[in-house]
């Protein structure tokens, strides 16, 4: 999972029990599935923009020529999600989980329609922000609703399924992107279809009840009891009511001790040495999850494939579909092994794989750039003197120009008619010239250049996803669900989530600029360097929480965590 609400790991026994319970009580699965569509929306929006962006650039010249505008279209959703998550927390407590999900669906649906009919790039950005608000609200509220409306013994499995819905939504987005490549309106359909699952969830949630926990806190005990009676066997309902009473009472006692305002809770968290050490670990893994560059792949995957030399948009989308499928597979692997091997070990192994893939990716892109086809004056003149890139004529070293130099000059490369790896033409980026190039059975390149080793980049992207998903994809959220003392679990997870979303925004808002400033190879090498620093931080700051009771985790943080490098034990004097 790339990002979302805090999840608690579920083991194989819990999944088996989940199957048995939901088979006997389908109502539970109906609750979880209906709320889980929020995860599908989240994943779909993450994946759909990567393909839609290719066609938005075709329809709007201003977008094609302005890298920052492209980054803004992609990242505005993340900005909206940051605000949505903050608003969602307030609405969830004041209006209820169900109504908050309904509001999120409405915002998502309206945003999808606005994007689909947008006459101007800035209207797309407005739609992206509205969708982001919905995504942020749903990502915080849907897991909460599922956990509070599920039997305790299968809660982890159902919440984990919400995470699987996110990666499933990403895969669905790439599939739909591919399906609409030849449809009139392309990107409008890609973005507009997102409104369909939002509408379905809205209708389903209208027929579902509020969370029993929220109702109990709102002193609607009878309504809470009625809902619990539909979830639990008759002989367990009273026990659950008593457990709910005890839990809510403890929650209110915690609020009395640390305050009810967000500011007072944040101040208290950083003043408490145990919570502070937990935040060091929690924020570290959340920031690392984003700065390894995962969302450059999820948001810009088809563009990266084009950088590797695959000019065809449909081919780029098809290859991106493979990386998305591997991400979903990695989430399943994580669910199976995270409790067997531990969160810390999986993250460290994951980071080694990520760093290796990023370094090799940088080498492949650098070699592809060095060996890009040259520019032929004859080939360029073939399309007419006024068609040749002006920068090519004005450059004193025009004989040394190659495809990469042509693209850096904001022009396009039309491949050689005999062989695309032979010297080709550097032309002005115009639709009529593109049509002339394609009409002669040539290939038109705007993002990357023809490369014999480009396919290795696609393979490495797949290996990168496989390295990322089982470890850094899921484990950071699990660590954040276990690392904080009970009294600060909500605020600790919230602070770490904000760090995750903010890091996501920074990465998605700067990737294309980095590729222009540092080249694609330089951008991946930068992520490799950041990943190396993140690996060191994880090793020294993040303890293993597998199999530990919350009290044991708190005790470990109180004494100070020490990695095994400094002794036989993982506990020591205060230092973290």
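Every residue gets a Cβ built from N, Cα and C, even glycine.
Range with TrEMBL annotation transmembrane segment, chosen from 520-542, 543-565, is 520-542. When TrEMBL is compared with the stretches 2-24, 186-208, the one noted as transmembrane segment is 186-208. Below 8 A, the CB atoms of the transmembrane segment (68-88) and the transmembrane segment (491-514) form 3+ pairs separated by six or more positions in the chain.
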